[in-house]
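**Student:** Look at Swiss-Prot and you will find 11-205 tagged as domain 'tr-type G'. The GTP binding site annotation in Swiss-Prot covers 20-27, 82-86, 137-140, and the record cites sequence analysis as its basis. Annotation source Swiss-Prot lists region 'G1' at 20-27, citing similarity to another entry. Sequence annotations record features per position, and here Swiss-Prot assigns Mg(2+) binding site to Thr27. As annotated by Swiss-Prot, region 'G2' applies to 61-65. What Swiss-Prot lists as region 'G3' is 82-85. Look at Swiss-Prot and you will find 137-140 tagged as region 'G4', backed by similarity to another entry.
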Amino acid sequence: MAEKAHYERTKPHVNIGTIGHVDHGKTTLTAAITKMLADKGLAEAQDYANIDAAPEERERGITINTAHVEYETENRHYAHIDAPGHADYVKNMITGAAQMDGAILVVAATDGPMPQTREHILLAHQVGVDYIIVFLNKTDLVDDDELTDLVEMEVRELLSEYDFPGDDIPVIRGSALGALNGNPDDVKAVEELMATVDEYVPTPERDTDKPFLMPVEDVFTITGRGTVASGRIDRGQVTVGDEVEIIGLKEEIAKTTVTGLEMFRKTLDQGQAGDNIGALLRGIDRESIERGQVLAKPGSIQTHKNFKGEVYILSKDEGGRHTPFFSNYRPQFFFHTTDVTGVIELPEGVEMVMPGDNVTFTVELISPVAIEKGLKFTVREGGRTVGAGVVSEIID
């Protein structure tokens, strides 16, 4: 009997998703990818209905329907996100529990780019999805190749408009439905698509390799030993003896050394991304550190007061506001572990924002906070969530 290949859990992990206009074939393509890989023994085939009936999830108080599919190629393990409705997409990309490392933009060759195509490209740009691969779908329904060429040109121009390298982005042509039905040419196109995703979307840097960052959740004193800051390490790692900075809420940055670490009441030499730890800090008194600040590798993150955010405002049904808001609205912005009041300025030509809208606006915080592009936040009013967003640009 032939020896079975040993399953190794060593493949790098990448998050991707399908984006694009409604009915252009995102979900059919997702199903076709799983079928093609299942035939190679690398995935479980998921049928269309299965993916389309996405379960509801609550992410930061917002209800989103999202389908999570996982599969492997020869080189990688993928988590693939597909959201059925347009509103689900918008919410998912802004609040996204899963940050996409890359996206497959599905455009029907029969229609060309449509309003949601544009909106999804804009969102991908705003929330920091750096890599897009295009799948021109339904090419079997277009008689003239020149028409398909025109659609490809339009898509490339649209991508360039939002700062993606439109001329260089890989474009694959095929039919997702054909692939699902086993048509060899279309199956080949889906194989080519996944080979391209493997190659074009770089493996993301692992969280543990990034510079150390831990939002402070709690501070307490151990008599005779000093001050301990506790929290969950967001990224990177920290070792006893490391120098760290205490950043945020105050203009000045304090430097200190980690003299001890503990987790689950046991001492620890090193903490890493995902660990809930307490860090004993040398020469820091109880008053000079507070919840909402961060501990960070020196020089790795700065505080800012002004930023642009891409934000989804909850609808009334989602427990959000019942009325619109205008420029100079002053809610709280919840970053890391604390609320900071900020003043909103709407972009030119936008009079007001209605519940259920997504919008880009500028914020001036009343205290400096350790923030960077891509950081997620919630907008709150009197303790309840009225919006969720992501920092799209730092303004100094």
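The backbone N, Cα and C atoms fix where each Cβ goes, glycine too.
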**Student:** Give the number of CB atoms, excluding that of His86 (GTP binding site) itself, located within 10 Å of its CB.
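**Tutor:** Counting Cβ neighbours of His86 (GTP binding site) within 10 Å gives 14.
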**Student:** With DSSP as the yardstick, break the region 'G1' (20-27) down into helix, strand and coil residue counts.
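**Tutor:** Per DSSP, the residues of the region 'G1' (20-27) fall into 2 helix, 0 strand, 6 coil.
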**Student:** In whole Å, how far does the CA atom of Gly20 (GTP binding site) lie from that of Thr27 (Mg(2+) binding site)?
**Tutor:** 10
**Student:** Would you mind reading off the Cα separation of His86 (GTP binding site) from the residue listed as 'Mg(2+) binding site', to the nearest angstrom?
**Tutor:** 13
